[in-house]
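According to TrEMBL, the transmembrane segment annotation covers A:20-42, A:75-97, A:109-129, A:158-183, A:204-229, A:268-288. If you look up TrEMBL, you'll see A:72-285 marked as domain 'ABC transmembrane type-1'.
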Amino acid sequence: MAHARPNPLFRNLMAKLAAIPMILTAMVVFVGGTAWTVTYSFTNSKLLPREKFVGLQQYERLWETERWMVSIENLMIYGICSMVLSLLIGFVLAALMDQKIRFENTFRTIILYPFALSFIVTGLVWQWILNPEFGIQGIVRGMGWVGFTFDPLYNAQIVIFGILIAGLWQGTGLVMVLMLAGLRGIDQEIWKAARVDGIPMWKTYLFIVIPMMRPVFITTLVIIASGIVKLYDLVVAQTSGGPGIASEVPAKYVYDYMFSGQNLGQGFAASTMMLLAVLIVVIPWAYLEFGGKKRV
Amino acid sequence: MTHMRNLLAASTALCAGAVHAADLEVTHWWTSGGEAAAVAELARALDANPDHSWVDGAIAGGGGTARPIVVSRIIGGDPMGAFQFNHGRQAEELIEAGLLRDMTHVAEAEGWADIVNPPSLLEACTVDGRIYCAPVNIHSWQWLWLSNAAFEAAGVDVPTNWDEYTAAADALRAADIQPLALGAQPWQSSGLFNVLMATLAGPEVLTQIYGEGDSELAAGEEMARVFQAAAAARDMARGSNVQDWNQATNLVITDAAGGQIMGDWAQGEFAVAGETAGADYTCLPGLGVRDVISTGGDAFYFPETGDAEIEAAQDALAAILLAPDTQVAFNLKKGSLPIRGDVDLAAANDCMKKGLEILAAGSTMPDVNMLNTEDTNNQLNDLFVQFFQDDGITPEAAQETFVSIVRRKD
């Protein structure tokens, strides 16, 4: 009874010591940097940071700016479409791949390959493919359909879908591989049981397999979502935000105002809004996901 | 003047002790053919003195790419020996933070106050009575470049002013020629608008609005007319699917477009294409409406390094940049005007001579970069690139946004 229990703080002391550099990095770089950015978003810092606080002035200006509103709208459209379509296409491809086909390795490599390219390369490739003179439109017109028009990057109404195509082409392969790994993790016995019960294949996928793959879906969602929020290089490579400001995105707004616009305060305010948007999505999700498990 | 420079060079040589050559890294964004040839003239002039050697730190991609790199290197404590910016407010905060070197001693020794013409160029380098930069050239925005062959094909005379040009737009369209070439990059749209404002409403209006932040004038009748003219220009520019300014210039060179509003750097493109001013193309300073050019351009700044050898090299470079022979050699290659009125530019072409005449007559105006911060310019870029690409925005709505930008500016 009397002998003291070891202090939990000193359990696995070596492991904790080894983790200190990473903990420091996380605290100083991530948390410290974030706090600094949020603080300075309330100042009127221009080229250099300075402590002249102006309250919410930067935020008022931000929400009055047409370009910021266009950026938000574009990110919403891109985000929702990219989330839904990449999950859908990724899962269908994975399900097709799971039918014990021949040359599966070859197909898997081909479909995953675009993921090995950077967004800049992807953007440049699709800029040429979608170019009306040299790309798809030019080829189809060359084959005789003179009235054929397909120039998403030059049409302000649909330019964001031109970017979406490139984003999907690059990212769907990864989703497929993750889904395929999830499908392979499903016990074959379940398939056999479903077949014995005479459940059609699509119903098995929809009502048995997909609910069992929940952890895989969550991982995939997080990966896709983080890719959406930081969308920047694809836009720069494909359209530089044009035509006009029709394909601007929030990350590009932040960069342009911080560096070429020499207005740090405005850039910080915009990046704080981005952080806020991420937190609004992540906190309830993390609460449900991790908060729930502990109670069990 | 020359012996003064020699004296200075001698004294710096003594200070440096002539042990070994000090490397002076010079950062700039002059990377196109003509620009690189011009900057090589500066390097040659500096290297003529064995005590100094020019290390070229060119950054491709223009000012938008280069400026953030320069600023982050200086703030990060790794300054180059000298760097090029457009003179104006781009380096304002670096000067206030004490990161750039006061070059007043060189300016006084060389007598810059007497030779720099127009004096506004030196004023743009001056903060609290101290001089922080060395202006090297004058570039002006207010030029209309017209293709003679395009107007011939359309069956109309080559216009002599903006009104004749807009009147010819339909004839050009009918002949399947793009009336006005405009690249999609944001700065080209806002530049075009600023030119319309300076020529149609007058330079005093531009100076009042951008210099004093006069939002009432910005909301007024005069500006409403400029916005109507901009809407007309938008109609004329519809269909020019190019990005870069030199691609737009190329449309004029190849007679696929009637004209382009672009700064005098465009004439380098005409020269490279072997075209002759007057015969193949026509240039109208001030859009033919009023003879006025802005005196923007490039200037060199010198960061604080704390290294005596580099400081000696900085002093030498500052003196060389304004020397008469460097001015002639550099500006002929660059296609820009010299910053001193007392040099002979006999080799200049017709368009450059027109510019020199306007400069000599003193009808100049400050460049937009001298009046606006980069923050304001960025907002104007956003507004006008959207306006010129999207027909849905009425001139009235654009003017409203314009007024709110002017009200916010500092």
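Every residue, even glycine, has its Cβ placed from backbone N, Cα and C.
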Chain residues in Cβ proximity to the transmembrane segment (A:20-42) (below 8 Å; excluding those fewer than six residues from its ends, i.e. six or more beyond): 49, 53-56, 58-59, 264-265, 268-269, 271-272, 275
Which of A:75-97, A:158-183, A:204-229, A:268-288 contacts the transmembrane segment (A:109-129) most, counting Cβ pairs under 8 Å: A:158-183
Proximity verdict for the transmembrane segment (A:75-97) and the transmembrane segment (A:268-288), three or more C-beta pairs under 8 Å: no
Sequence-remote partners of the transmembrane segment (A:268-288) [C-beta within less than 8 Å, at least six residues beyond its ends]: 34, 37-38, 40-41, 45, 58-59, 61-62, 68, 225, 229, 250-251, 253-254, 257-258
